[in-house]
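Comments concern the structure below.
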Amino acid sequence: MDQHHSQVHQQVSSELENGDVNYKEGLNSNNIKGGFVNGKTPQNVSSSIIRKKSDPMLVSSNVRFEMLGYFLTNLQEVILGTKLAVLFPAIPLAIAADYYKFGRSWIFALSLLGLTPLAERVSFLTEQIAYFTGPTVGGLLNATCGNATELIIAILALYQNKIHVLKYSLLGSILSNLLLVLGTSLLCGGLANLKKEQKYDRKQADVNSLLLLLGLLCHMLPLMFRYAIGEGTATAFSTLELSRVSSIIMLIAYVAYIFFQLKTHRQLFDAQEEDDEEEEKAVIGFWSAFTWLAGMTIIIALLSEYVVGTIEAASDSWGISVSFLSIILLPIVGNAAEHAGSVIFAFKNKLDISLGVALGSATQISMFVVPLCVVVAWTMNIHMDLDFSLLETGSLAFTIIITAFTLQDGTSHYMKGLLLFLCYIVIAACFFVHKIPQNQISQGKPFNGLFAA
């Protein structure tokens with residue numbers, strides 16, 4: 001009997017080690033292709049820095065049932081394989097707070113905390129799937145799911161007809177990546193490498209800067225059109241049509257960017273890795289990763305619904321404006337893992353990865369998520385345009401221009417990072433005192449060019 005148990009355990013260990021398939025051969029051939037390391041974007045590489053290796057002692061060596069052992073190993077890798085696992089209890093607490101009708105501000109806070117580890121785990125799971133699908137498909141999957149949390153929050157805000165929350169959260173994600181993430185990365189990297197000249201590849205930064213400027217143009221044209229023609233129903237309709245056409249063009253540009261990144265100029269986007277880093281391999285099987293990814297996406301959708309539904313109540317309870325919560329707080333908490341990884345790589349003098357995280361995420365939000373929301377709203381017969389109002393569009397314009405100037409020479413020092421960070425503080429202070437009239441929010445009336453059906 002003991003011999004039989006030993007054979008079963010060896011079989012389970014072998015299958016778990018191989019992730020249900022023989023992926024080692026695939027790893028050797030797909031190590032660095034398509035501008036990705038093992039199919040990973042810089043965002044995935046950045047997030048992986050805060051992961052921790054699982055302790056094999058957590059899975060008992062006396063597990064007698066193959067499925068139980070397999071489930072425990074998956075649970076160990078997916079749930080306990082991150083340093084943010086301490087925040088997972090916030091998920092059931094948020095659900096319980098909603099069920100027992102606790103204060104809505106508590107639901108908002110707990111949901112926000114619960115989204116933090118989930119966003120990092122989605123990055124981990126898409127990375128695991130990429131080991132089996134190859135670098136091209138894996139790269140596309142990572143590019144699509146890189147900002148899954150923001151996209152889900154945006155879609156739910158659109159469904160609940162909260163256009164202001166949608167626009168603010170997406171704008172905040174762009175500002176956060178360009179000023180907070182990039183700024184703190186350059187600041188910390190410069191301080192940690194005072195005696196070294198930090199350099200990065202300008203070509204990658206130039207491509208992302210051009211895309212961001214194109215996105216800025218598409219945001220500014222509806223705003224300038226409204227101020228040039230004047231307010232009115234005809235103007236609103238023309239602005240909406242212009243926004244929809246611009247959104248289609250932005251999506252075409254983003255598809256071209258993905259093709260440029262994965263195929264024709266993939267060498268510009270190669271992520272750096274440690275020279276002595278061990279060859280990575282999948283730790284869970286394809287279908288396990290796919291199942292976990294689907295389940296976590298559902299949980300993200302649930303928590304995102306809580307966030308969108310309680311943000312005004314949290315604003316009233318805490319005395320903080322909705323604009324500040326959406327533009328500043330949501331992006332900071334939602335992308336905490338990715339941000340931390342970017343700073344750590346800057347400490348290691350690997351600015352190309354830090355720039356890939358900050359610029360890549362900002363570009364994806366600006367050129368993919370925002371226009372996609374406009375197109376989705378179009379199909380839902382909801383009036384959403386690209387007019388983010390004067391204050392918001394002005395903040396976005398100065399952010400993109402300042403970032404482009406900062407990255408133009410291919411070198412970095414801590415002063416550049418400090419100035420970007422201070423710009424973010426000033427913008428945060430601006431939106432902290434910026435109040436939206438509550439009657440406009442509750443009645444769904446347009447304000448400063450923001451439309452609600």
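Every residue, even glycine, has its Cβ placed from backbone N, Cα and C.
According to TrEMBL, the features are:
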{"type": "TRANSMEM", "residues": "78-99", "note": "transmembrane segment"}
{"type": "TRANSMEM", "residues": "106-125", "note": "transmembrane segment"}
{"type": "DOMAIN", "residues": "106-262", "note": "domain 'Sodium/calcium exchanger membrane region'"}
{"type": "TRANSMEM", "residues": "137-158", "note": "transmembrane segment"}
{"type": "TRANSMEM", "residues": "170-192", "note": "transmembrane segment"}
{"type": "TRANSMEM", "residues": "212-230", "note": "transmembrane segment"}
{"type": "TRANSMEM", "residues": "242-262", "note": "transmembrane segment"}
{"type": "TRANSMEM", "residues": "282-303", "note": "transmembrane segment"}
{"type": "DOMAIN", "residues": "289-432", "note": "domain 'Sodium/calcium exchanger membrane region'"}
{"type": "TRANSMEM", "residues": "315-333", "note": "transmembrane segment"}
{"type": "TRANSMEM", "residues": "353-378", "note": "transmembrane segment"}
{"type": "TRANSMEM", "residues": "390-408", "note": "transmembrane segment"}
{"type": "TRANSMEM", "residues": "414-433", "note": "transmembrane segment"}
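Contact counts against the transmembrane segment (353-378), taken as Cβ pairs under 8 Å, peak for 170-192 among the stretches 170-192, 315-333, 390-408.
Contacts between the transmembrane segment (315-333) and the transmembrane segment (78-99): absent, as fewer than 3 C-beta pairs lie under 8 angstroms at sequence separation of six or more. Mapped onto DSSP helix, strand and coil, the domain 'Sodium/calcium exchanger membrane region' (289-432) counts 120 helix, 2 strand, 22 coil. Against the transmembrane segment (78-99), stretch 106-125 has more CB pairs under 8 A than any other of 106-125, 170-192, 242-262, 282-303. Cβ atoms under 8 Å from those of the transmembrane segment (390-408) belong to residues 167-168, 171, 174-175, 178-179, 182, 186, 200, 202, 205, 209, 212-213, 216, 219-220, 223, 355, 416, 419-420, 423, 427, 430, 434, 448 of the same chain, restricted to positions at least 6 beyond its ends. Distant neighbours of the transmembrane segment (212-230): 178, 236, 238-239, 242-243, 246-247, 249-250, 253, 359, 362-363, 366-367, 370-371, 385-390, 393, 396-397, 400, 403-404, 449; these residues of the same chain sit at least 6 beyond its ends, with a Cβ under 8 Å from one of its Cβ atoms.
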